[in-house]
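Residues or ranges marked as coiled coil by TrEMBL: 112-139. Here TrEMBL flags 51-73 as compositional bias 'Polar residues'. For 88-150, the entry in TrEMBL reads domain 'T-SNARE coiled-coil homology'. Residues annotated as region 'Disordered' in TrEMBL: 43-81.
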C-alpha cells in the first residue's frame, strides 16, 4: 500500500507536468486539488511520516510466562482441590492430577488471552490496510479521470 501511495504521488506529479500550458505553468481552469491535502488522506496516511515513533516497533513481543507456580499456591491456600477423608496415596494422586489439570487450564486461558490480543492487533492492522486501500482506490480513480481528461482534450 505504501508503494502504491508513492507511485501515485509520482503519477500525479507527471499528470501535473502534462497539464501545463506550453510546459511552463498550469492554467487556472485546469488546476486540480492536491489529493494529499484532503482530510481522508491525512486521516489514513498521517502527515507523511511513515516512520514516526508511534509506528516503529522497538522490541519483539515477550514470551508468555507460565503461571504454574502461582496456580498451585492458590489451590493450596484454599485447602487443595479435594476434601481429604482417608489421607492415603489415592487422594494424593487425585490432588496431584487435579493440580496438573488446573495448571493446564491456566495455560490454556493464557494462550486464549494472548490469541485474543493478537487477533485484536491483526484486526486493527486489517482495518488500517483497508483504509489505505480505499484511499489509494479513490486516488487512482481521480488520477484516471485526470488522464482521461488530458487524452480527450
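First residue shown is number 1, and so on along the chain.
Just so you know, glycine gets a Cβ as well, placed from its N, Cα and C.
Helix, strand and coil counts from DSSP across the domain 'T-SNARE coiled-coil homology' (88-150) read 62 helix, 0 strand, 1 coil. When pLDDT is averaged over the domain 'T-SNARE coiled-coil homology' (88-150), the result is 91.
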